[in-house]
Amino acid sequence: MNALGRHILAEVYGCDSRILDDVEMIEDIMVQAAIATGAEVREVAFHKFNPQGVSGVVVISESHLTIHTWPELGYAAVDVFTCGDHVNPWDGVNYIARMLKAENMTATEVKRGVFEKPVKVANF
């Protein structure tokens, strides 16, 4: 692999607003998404905003997953960044969109830490 990692930036639309505003459901979805990628979960931090919305991060050995929700718009901004080639960030992004009952998603993959020669990092 010539890149240290893959970072998926997803725009998730038409989601179930009740799910987007439920901090416990969002946390569970994000942790399960990390597991779906094959990652090792290290820590989680989630916050419920007033009057609505949730933001959170799942720190994984391979990097992180984040989400920021706007229930009033049925929208979530999702990032899944994984390092190494034993995990697949697309598995996590697709799982999240499915669990949010999204009608539409656009996503972009960014290669992170791109080097001219293949790189090998300890623990990956």
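Here the Cβ of each residue, glycine as well, is placed from N, Cα and C on the backbone.
Annotated features, as they stand in Swiss-Prot:
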- S63: pyruvic acid (Ser) (MOD_RES)
- S63: active site, schiff-base intermediate with substrate (ACT_SITE)
- H68: active site, proton acceptor (ACT_SITE)
- C83: active site, proton donor (ACT_SITE)
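Around the residue listed as 'pyruvic acid (Ser)', a 10 Å sphere centred on its CB holds 22 further CB atoms from the protein chains shown. S63 (pyruvic acid (Ser)) sits 6 Å from the residue listed as 'active site, proton donor', taking the Cα positions as reference. Of all Cβ atoms in the protein chains displayed, 24 besides its own lie within 10 Å of the Cβ of C83 (active site, proton donor).
Proximity of H68 (active site, proton acceptor) to non-local residues of its own chain (separation of 6 or more, Cβ distance below 8 Å) is seen for G53, V54, S55, A76, A77, given in sequence order.
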